[in-house]
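A short write-up of the structure that comes next.
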Amino acid sequence: MSHDHSLNPKTMPEDPSKATMEGKHKFLGLWFFLGGETVLFACFFGTYLALRNSTAGGPTSQDLFGLDLVFLMTVLLLTSSLTSVYAIYHMKNNDFKKMMLWLGITALLGIGFLACEIYEFAHYIHDYGFTFRSSAFGSAFYTLVGFHGGHVIFGLSWLITLMVRNAKRGLNLYNAPKFNTFALYWHFIDVVWVFIFTVVYLMGMVS
Amino acid sequence: MTENTSTNKINSYQKEKNREEMRKQIITFALMIFFTMIAFFAVAMGISSMFVIPLILILAIVQVGFQFYYFMHMKDKGHEFPALLIFGGIWVTFLVGVTFVTIIWW
Amino acid sequence: MSNAATQKRAFSAVLWDYLTTVDHKKVGILYLMGGGFFFLLGGLEALIIRIQLIKPENDFITAGLYNEMITMHGTTMIFLAATPLLFGLMNYIMPLQIGARDVAFPFLNALGFWLFFSGGILLNCSWFLGGAPDAGWTAYAPLSIQSPGHGTDFYVMGLQLSGAGTLMSGINFLVTIVAMRAPGMTYMRMPLFTWTTFVTSVLTLFAFPALTVGLFLLMFDRMFGSAFFDVALGGNSVIWQHLFWIFGHPEVYILILPVFGVFSEVLPTFSKKRLFGYSAMVFATFLIAFLGFMVWAHHMFTVGLGPVANSIFAVATMAIAVPTGIKIFNWLFTMWGGSIVINSAMLWALAFIPSFTIGGMTGVMLGSNVADYQYHDSYFVVAHFHYVIVGGVVFGLFAACHYWWPKMFGRILHEGMGKLAFWTFFIGFHLTFFIQHFLGLMGMPRRYWVFLENQGLDTGNLISTIGAFFMTIGTIVFLINIVYTAVKGEKAPADPWDARTLEWTIPSPPPFYNFKQMPLVRGLDPLWIEKTEGNGKMTPAEPLDEIHMPNGSILPLIMTAGFFIASFGFIYQTDHKAWLIALYAGMAIAIGCMVIRSLKDDLGFHISKEELEREAD
């Protein structure tokens, strides 16, 4: 039995990320994990909703948030979601170079998002003195948004490790599932962000 | 992997299918950006919160639906269990959400 | 001399084998050993509690130590004994029942075990490092925020570690059941234990993240000065209660559903009848899980959530009695007209039915929110949950041990000792807890260090303590039985009980690849079908071919060690910033292991066809 899983147009299955048992397991496992992550973020959101007006005399959400930076961050992250779709598209067409290119763009957009977030936090801390310890609102805000940021950092490390490890190997049935699971995880980060910008920022500006 | 003769044909068919799929993804993305802009504009315009909050929540839910069903392919077959567990997670999310805005005592 | 040396090497080889194993059977045994150890520890704590309460105003232990005892007893029994013992059984048995060669993620499986175990050890380290957690197993804020010393910090970090391990195992089981069933094993042909494993894993997946979040909030408040539960800065301590019980109530179903599965295996086997109402049983399992998620606030009736919320949760709570009742009746009907064999496993199963039903009935009483104001925080509650958890889960674990011991260890547990253990434990259990219903109704509050003389509580508490000693004797007899069986026990054939499901088609104990050839499943109770049709064994679904197996790895252990060290860093960095070094070093070790795991291809190995043929049938 040959254990060489490298792909060429002749051996290319319809979806290389699900052609092996391991691939199927990874795919299911990650999805189920995301089901759990949904509850994890639900609890952070719930805590935030309960505490968002508990400012203890400190700055409120209306004092702090601005639309432009959040809009920029949203566009960055949404676009990175699209670029990872492109990467998987090229994976299915067995075009390794283009896949890596689009994954690279995804990483850059993710880093851009993270930079904005760091700038935002620094801005709140320096200009408003609004920290993790200022009020229950502060704790809940930084915990929710920070956990999302942590997920972005984890996703980026995952992506970069994958890209470095497989840079010279090309696509095969062993690493295709890994790229696919990363892409799913990355979309989920975007899902969470959609709710963060809606519930935290937009609703915080309104009420 | 033995059907050497027909490989090329399958591949071009497959490629066409993938391209079609990608076209849909881009439309999805355009809609998502559009919805995001509506949400941000609605808030920036300062319309009454009674109207804006339901609107932006609905837009967010639709966007997330796009993410799940198109970007993450939950519409494709073979996603029954992922869908089941995601919906389970959403159900718990709903319970948690309702709880934390209504019964946290004060 | 040389003989001793070989033996020593053999021992270290076995140890290394277990430290690096990713085999679901060995991981299962590790879970059983770890869980068993913590079960004994938790039992010892229970005994100390009962000795303290043997007479009015006793001073066997101090009030502070008593608080630590009750906290650690509850925490240990729920998180470190019951859950891992059940996960051990699931690990060992479930893949065999569906005809799989391993779980879907063997590496994660090992990691899950080590995380659980290190979490348990971490939690118990607190005894030697300035005092155990003392805010109750529920660790309600603000008490847990105020609790001095590092006890509660150990609670937070220990549970965080073991919770992460449990979550991983849950995902692992789900994927295994969805993707790795043998040919012909459709969902509605899966044994009930596999079904309950599946539903339990779903509950684990949705419940444990809530605990994770709650623990994070508590950790941030205690160690990093955030204000989630600090009312002065706008915090709200009811958030902790909600998060804890959103996790905590599904957790009791995580405990009870697998033993429902166990009884659904034991009762048909020893009644020689198929399970009555199989589809209703599956449906009831799902219904319990679904409703189980919507009742958490019945732990919080006296918080003051308002009459509407209380009523909704009360109705939902009582509704759970319906699917549970379906199950009880199905078990009774399974036995009806069967040719019943009464042995140790069956005794535990038979004792379970009335004991658990009493617990369920008091559960409905407690579920009535108006009446709950009377019962709340009294010994009535203590009696209730011990009836469901001991009368349900512990009885189930004993039944499962007797039932699957031959499969797991190749020897049959001694029947006489099994029965002796059963009767002493069973009598002791009812002595201990039945009287506590009345102590509670007479007004004895739970978690109190002492009670006063001549308030009508003296005799009841004495009886209760005597019962605890009977349970201790039962447990000791069971331990002796294990040792006796290991040394002199009767060797078990592949199918000692004339049973019905796939795990009994392979040798006891199974070879490390489980099934030489995937079996072809032709219906519910596949082995029984083959027996009734005169084949006696399974038809293979594939020709004999080489088998792909995963490689063992020491990385899960090292990764866990990293998290363990980092936890100490988290706990002590509040005292001195130098401890941050431990935090970073530990995290570096853990992340380093993850990186190694990602960078190193692990393609596993193959067992050749010749090798398989060489092994005697």
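Note: Cβ is positioned from N, Cα and C throughout, glycine not excepted.
Summarising the annotation, TrEMBL assigns domain 'Cytochrome oxidase subunit I profile' to C:10-522. Summarising the annotation, TrEMBL assigns transmembrane segment to C:29-49, C:69-93, C:105-129, C:154-180, C:192-219, C:239-263, C:345-366, C:378-400, C:420-442, C:462-484, C:554-572, C:578-599 (among others).
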Among C:154-180, C:345-366, C:462-484, C:554-572, C:578-599, stretch most in contact with the transmembrane segment (C:192-219) (C-beta, under 8 angstroms): C:154-180
Average the per-residue pLDDT over the domain 'Cytochrome oxidase subunit I profile' (C:10-522) and send me the rounded value. 95
Does the transmembrane segment (C:69-93) come close to the transmembrane segment (C:554-572), meaning at least 3 CB pairs under 8 Å for residues 6 or more apart? no
So, do the transmembrane segment (C:378-400) and the transmembrane segment (C:239-263) meet, by the test of 3 or more Cβ pairs under 8 Å (sequence gap 6 or more)? yes
Cβ under 8 Å to the transmembrane segment (C:239-263), counting only same-chain residues 6 or more beyond its ends: which ones? 78, 82-83, 86, 89-90, 138-141, 144, 191-197, 199-200, 203-204, 206-208, 210-211, 213-214, 217-218, 228-229, 285, 288-289, 292-293, 295-300, 303, 327, 331, 349, 352, 385, 388-389, 392-393, 395-397, 399-400, 403
Range from C:105-129, C:420-442, C:578-599 with the greatest count of C-beta pairs under 8 A to the transmembrane segment (C:69-93): C:105-129
Interface-richest range of C:105-129, C:154-180, C:420-442 toward the transmembrane segment (C:345-366), CB pairs under 8 Å: C:420-442
